[in-house]
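First the structure, in the form of structure tokens, and then the observations on it.
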């Protein structure tokens, strides 16, 4: 008995397994065990053939049971499912959204050309009143339009031609839907058309509209409608509004009346904004009152005198003094005027000029270039020089020390030179006149007496030769009077042209005008170029060497033989200086009075100043002529 029960249990388990296996997808024809022995409960082992029932067909996408299973479907999820199932995944870039204002049609598919955006809009007001089946069919309808747009197969004139019908029939057969060309729920469309107009002309008796115009928006018929011109030709009547939603006009009037009511006539029930809200937060104006000055629009902006808030008097600011360890800077006292000037200066911060300002920028090949101010640097330099001169002259200690040091160095050098031969003493008047004239034409008259003594010799301070470095050496002890070839060449025409030197000598009023100009040219030649072997005058290489008389110390015994071979130049200087020694003061006055014309001549002969601009990319100052090449290399 136990064996029979085990055998029967095994048969039942096998039968259950065979029933579950075909349901997984195996066909009955391929499975030889489709016929199983069924055990008779009476004990007989007769084989009873039977067939396995086929699996039921899955629910259609428009089945009625979906109304309860998924009453609020996700439109985007449905779109992705239908795209993979019916459209081969070609609509992945299409957008699907609800439209809350579209009430004329159920759905719209818009396409912006090749490579543009394809968008599907579904009417939320219409489809929320329809069953789920209409939503699915409307979505599939618009997806067919999107497929024709994306695949560039939209050759149908009205959009619902053979290509559209081909895909429509294919999906209807595969899914059991009933996709049509036009939707059939017109009643829902009419529900939202609550603004009616009717024409009083002949068209009120014509089909199909009988003169009615129904719209969901309060937009009366006008020339903006495409059919307006045809209506004016065929009918010529005017439209009058005959219907609108309830309380539509009253709500608008109440809002307008509420806006026209003044603030004093507002109902007492309306609470001010400073009241405590329901959330528990309180307006800060209840804690900290407003202490400013308010203005009422349309009324008197004056505040009563009793309500004006009097600010406490301000204490006068204490004068601030500069620290005692800064003797160069003058002691400044900040009074009320200075404080006002400082406060106004902080408010008047220069704004950054726009590149569109044609007064500040110019267009150079499409790039903005700032227009530089040519007089800006000169004015700043003069103001700084004047400031330092005023500071040094005002400070007695620094001024006395600077003048004393310059005088002591000048006296020592003069004593050394007096102990030498007459070659150094006699031409000093001529060279002093020339050097004084050159220094005057460069930077104007001298301010210190030490400069006239230093200018007697060819190698004085750098101040006499290069006036641009005046700021660096002003107030410091003068350098030792050691003449170098560079200084001599600068004093005799390195930075000055020969014609300017000759013109300076010509203005002195000497009777030997032509001879003086020729002599200056010859001296310029001797001092610039190397000396020839037959020349008796020492070469620039020897000038400034220990063997020359101009730099020989007072304890030197004797000059070298090379210096004794220059009798001709010595005689020339002795003759010319002797003639002009009596009228030195008069010549200096004439040179100073007539000095400005050579300055103008020199400025006229000099080339114009080169305009520099800023690179808008790397902010480097460079000449204007090279800005284009620089921008090409900078923008790469």
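Just so it is clear, glycine is given a Cβ too, placed from its N, Cα and C backbone atoms.
Copied over from Swiss-Prot:
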ACT_SITE  142  active site
BINDING   141, 145, 160  Zn(2+) 1 binding site
BINDING   615, 618, 630, 634  Zn(2+) 2 binding site
COMPBIAS  241-268  compositional bias 'Basic and acidic residues'
COMPBIAS  272-281  compositional bias 'Low complexity'
COMPBIAS  302-311  compositional bias 'Polar residues'
COMPBIAS  313-327  compositional bias 'Pro residues'
COMPBIAS  341-374  compositional bias 'Polar residues'
COMPBIAS  399-416  compositional bias 'Low complexity'
COMPBIAS  492-523  compositional bias 'Polar residues'
COMPBIAS  545-554  compositional bias 'Polar residues'
COMPBIAS  559-570  compositional bias 'Basic and acidic residues'
COMPBIAS  584-593  compositional bias 'Basic and acidic residues'
REGION    19-42  region 'Disordered'
REGION    238-382  region 'Disordered'
REGION    398-430  region 'Disordered'
REGION    473-608  region 'Disordered'
MOTIF     290-298  motif 'SHP-box'
MOTIF     451-458  motif 'PIP-box'
MOTIF     535-566  motif 'Nuclear localization signal'
ZN_FING   612-636  zinc finger
*Using C-alpha atoms only, work out the spacing between residue 634 (Zn(2+) 2 binding site) and residue 142 (active site) and round it to an integer in Å.*
54
*Out of 615, 618, 634, give me whichever of these binding-site residues has the highest number of other Cβ atoms within 10 Å.*
615
*Which one of these binding-site residues has the most other Cβ atoms within 10 Å of its own Cβ: 141, 630?*
141
*asked:* Please identify, from the binding-site residues 145, 160, the residue with the sparsest Cβ neighbourhood, meaning fewest other Cβ atoms within 10 angstroms.
replied: 160
*Summarise the zinc finger (612-636) by DSSP state, stating how many residues are helix, strand and coil.*
11 helix, 6 strand, 8 coil
*How many whole Å apart are the CA atoms of residue 160 (Zn(2+) 1 binding site) and residue 630 (Zn(2+) 2 binding site)?*
62
*Might you list, by sequence position, any residue in that chain lying six or more from residue 142 (active site) with a Cβ less than 8 Å away from its Cβ?*
107, 108, 109, 120, 122
*For the recorded Zn(2+) 1 site formed by 141, 145, 160, name the remaining residues of the chain with Cβ within 8 Å of the site's Cβ center, in chain order.*
109, 142, 144, 159, 164, 168, 181
*Express the predicted model's confidence over the motif 'PIP-box' (451-458) as a mean pLDDT, rounded to an integer.*
44
*Assigned conformation of residue 142 (active site) - DSSP reduced to three states*: helix
*If you measure residue 618 (Zn(2+) 2 binding site) to residue 141 (Zn(2+) 1 binding site) at Cα, how many Å is it?*
59
*From the Cα of residue 141 (Zn(2+) 1 binding site) across to the Cα of residue 615 (Zn(2+) 2 binding site), what is the distance in angstrom?*
61
_Between the Cα atoms of residue 630 (Zn(2+) 2 binding site) and residue 145 (Zn(2+) 1 binding site), what distance do you get, rounded to the nearest Å?_
56
